[in-house]
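Taken from Swiss-Prot, the feature active site, charge relay system covers Lys77, Ser152. What Swiss-Prot records for Ser176 is active site, acyl-ester intermediate, and it gives sequence analysis as the kind of evidence.
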Amino acid sequence: MSFNHHTIEELHELLVAKDISAVELTKATLEDIKAREEAVGSFITIAEEAALKQAAALDAKGIDPDNVMSGIPLAVKDNISTKGILTTAASKMLYNYEPIFDATAVANAYDKDMIIIGKTNMDEFAMGGSTETSYFKKTKNAWDRSRVPGGSSGGSATAVASGQVRLSLGSDTGGSIRQPAAFNGVVGLKPTYGAVSRYGLIAFGSSLDQIGPFAPTVRENAQLLTVIAGSDRKDSTSAPVQIADYTSKIGQDIKGMKIALPKEYLGEGIDPKIKETVLAAAKHFEKLGAIIEEVSLPHSKYGVAVYYIIASSEASSNLQRFDGIRYGFRAADAKSLEDIYVKTRSQGFGDEVKRRIMLGTFSLSSGYYDAYFKKAGQVRTLIIQDFEKVFADYDLILGPTAPTAAFELDTLNHDPVAMYLADLLTIPVNLAGLPAISIPAGFADGLPVGLQLIGPKYSEEVIYQAAAAFEATTDYHKQQPMIFGGDS
């Protein structure tokens, strides 16, 4: 029996009433995963033995009636450390790496008695926008298996969209939660920088990375964020902010809420069908009582260039630790220490990772630092100031999540610049450290279209309020792909 159509609260009621046990729910989830895995390829590791053991222990202890997450399975992106469970970052470099500690986000999930069911596929070291750079497999879109799921958290998005799991965790450095959420018609949120601990997240861009939740609905997404968020002494970038319940404003009306619509987000490079969907969503918000006005974010057009200098520079530094000495892959044919370094990194990293390491090393090198990295930091400040000016007068910003719907497999993975431009609407949010959500807002040629809502720092509750108001008066989130059991 499958329980993938039940909300978290419905599952909780069944568990508390003992209509099902945690073991039965875990077994049913494992069956859902296996039944769909060949079609979509969401997972790198299915932690069957560990999950069933954890579920049995929970049944023996008893489900906590006051903890809605008790006994709920959770899929985790494979760059988030899980003690005793392979954590590969989808790279040959870490093909055999089992961490000896849990990421704080995972530890928080365990504290709420959630069941870690497996590790999801991703772009290698989170570098990509299509989940095609993984060393292990290419994940496929839940709605059309000839198309990409987005990236880099593609596996976490398809796992939810295809009905394998109800909840999953991803990470977002330049759009890696929101873009795959949009491509697969699910809800994905990138929290404020510092709202969720990065301890245990395999670093890509340290000033940009954030762990965040995927779910089929806004409320369930907020419930999962409530579990993983919070201040953490183990993370020096963790913010001293504690929100007790991110669902607190869900259900409140949005009359009088001021929402900005940047003209740059509907300009050059945006598919006309995406633009049409977003403008229709804006009108829907007006019907709900919100005030929609056009604004300008003039420096957002530089976001992609700024991002790829800063993110690649940080990656070139972060990835120096992978050298074949301490853990992970080591080249077998090396004859000296230098040979180990060179051959291990040449053979262990994929092409996209090596491309970004080289770009970052160049940007940080003597003679080019001021021209590239320093200049990128200055323009980043201008992007931040643009957002601050808008948020002085508006509660939220509305726009498309991605400039197109999901593109076909093997079309952009050989064109790095085109792939990078797919993130042009999500990147500025990371550069400014802001929270943003992608919610289902319609379809273009049968493929899901995501609507992005951006807020000032620590405004996740308001973002959820607006997103839930839209969701409650539309049915896009209820439409499911055939693999889930839907009509499309």
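Cβ from N, Cα, C; glycine included.
Bear in mind that the values here come from a model prediction, so they are computed numbers and not experimental data.
Geometry remark: Ser176 (active site, acyl-ester intermediate) versus Ser152 (active site, charge relay system), CA distance 5 Å. Of the recorded residues, Lys77 (active site, charge relay system) and Ser152 (active site, charge relay system) place their C-alpha atoms 9 Å from one another.
For the active-site residues Ser152, Ser176, the greatest number of Cβ atoms within 10 Å around a candidate Cβ is found at Ser176. When Cβ atoms from all protein chains are considered, those within 10 Å of Lys77 (active site, charge relay system) total 33, not counting its own. The secondary structure of Lys77 (active site, charge relay system), as reduced to three states from DSSP, is extended strand.
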